[in-house]
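Feature annotations, courtesy of Swiss-Prot:
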type     : residues                                                                 : note
TOPO_DOM : 1-229                                                                    : topological domain 'Cytoplasmic'
BINDING  : P8, Y10, E12, V37, D39, D89, A90, D91, Q93, R117, V156, K178, R202, K208 : GDP-alpha-D-mannose binding site
BINDING  : D91, Q93                                                                 : Mn(2+) binding site
BINDING  : D91, Q93                                                                 : Mg(2+) binding site
TRANSMEM : 230-256                                                                  : transmembrane segment
TOPO_DOM : 257-261                                                                  : topological domain 'Extracellular'
TRANSMEM : 262-286                                                                  : transmembrane segment
TOPO_DOM : 287-293                                                                  : topological domain 'Cytoplasmic'
TRANSMEM : 294-320                                                                  : transmembrane segment
TOPO_DOM : 321-325                                                                  : topological domain 'Extracellular'
TRANSMEM : 326-350                                                                  : transmembrane segment
Amino acid sequence: MKVSVIIPTYNERENLEELFSRIDNALQGLNYEIVVVDDDSPDRTWEKAQELSSKYPVKVIRRTKEKGLSSAVIRGFKEASGDVFVVMDADLQHPPEVIPKLIEAIKNGSDIAIGSRYVKGGKVENWPFYRKLISKGAIMVGRIALPKIRDIKDPVSGFFALRKEVVEGVELNPIGFKILMEILIKGKYSKVVEVPFTFGIRARGESKLKGKTIFEYLRHIYRLMKWEGEIDRIVKFSIVGLSGILVNEGFLWLFVNLGIPKEIAVIPAVELSILNNFFWNDIWTFKDIRRGSIFSRLLKFHIAALSGAVVNFIVYWILLFLGIHYLIANLVGIVLSFGVRYVINRHVTWAT
């Protein structure tokens, strides 16, 4: 088995000698290569990598037109000759000493082995609070928006290994830095394992984190949601929800005109609208991912509806207390309630 260590670089010249030495020590006895994909660094990182190729098994690709970490990794996949690909940064925050553990996980039957900061035994060194908040928030958004990765603790890790078959013939076109998330959604695999590691302190050079990174990440999630069909589901769920409003209002009018008191008539009207919404979501919105009995799904759907109503009520009263107009307060509550109901239904009622 041959291992290809793929390293996208930009202005990492000062780190290469230590990085290559540590990789070499970690992979003693293994057939491996280092594939450096450099975006024409002003500090001539590519040149330093070429110098070190006399000492280590290094293949250097200098890109003068393309830019970006994710596309550099994809180029590395195409140029690599190994059976297993390892992706890592050049800034020494990904410890090369963990690579053998990733490779061992692949040997033991995993298709993808993720170096994880957020499983037991993993951690991040000396990050300020705002960085931790951004990282955890990004992961939470991704896991909610993309059900396929909801059980993965660190789907945005930049340190991972995979069998080459996972990405062979797969069209990858990520936005920004999070190539792993693209692979987890589009790749060909059945088993993923997370290996804990300590995300270290940057040795030298400057962080690549910029303000636009968050925007690119959200664009990437949106694109993956479209690819997965999640945007279509949300649209269908919204249409069904609107039909439920019509059913609710129509039956409320009917029951009141039949002489049922308004205070009582609202109860069967709400229940009929819930049944309407469940029926259409079950045969239309989520028809391809139905699991378990219809009675189990119906019970979970009622729980989601109740949860949404509670959120609507709480948000409404909080905003009223803050002096927000009651119609605006109610609208905000409805929107947040919709989000809660969709998330619960997608991840619980019609979980995949």
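Glycine residues also receive a Cβ, built from the backbone N, Cα and C atoms like all the rest.
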Contact between the transmembrane segment (230-256) and the transmembrane segment (294-320) (at least 3 Cβ pairs under 8 Å, separation 6+): no
Segment-level pLDDT (mean, integer) for the topological domain 'Cytoplasmic' (1-229): 92
Per DSSP, three-state class assigned to E12 (GDP-alpha-D-mannose binding site): coil
Packing count at D39 (GDP-alpha-D-mannose binding site) (other Cβ atoms within 10 Å of its Cβ): 22
Around the Cβ of E12 (GDP-alpha-D-mannose binding site), the count of other Cβ atoms that are within 10 Å: 25
Sparsest Cβ surroundings (other CB atoms within 10 Å) among the binding-site residues P8, D91, Q93: Q93
Distance, D91 (Mn(2+) binding site) to E12 (GDP-alpha-D-mannose binding site) (CA atoms, angstrom): 7
Positions on the same chain near the topological domain 'Cytoplasmic' (287-293), where near means CB under 8 A and six or more residues out: 350-352
Contacting positions for the topological domain 'Extracellular' (257-261) when only residues 6+ beyond its ends and CB under 8 Å are counted: none
Between D91 (Mn(2+) binding site) and P8 (GDP-alpha-D-mannose binding site): CA-CA distance (Å): 10
Tally of DSSP helical, extended and coil residues in the topological domain 'Cytoplasmic' (287-293): 3 helix, 0 strand, 4 coil
Cβ neighbours of A90 (GDP-alpha-D-mannose binding site) where a neighbour is any other Cβ within 10 Å: 24
D91 (Mn(2+) binding site) and V156 (GDP-alpha-D-mannose binding site), distance between Cα atoms, whole Å: 17
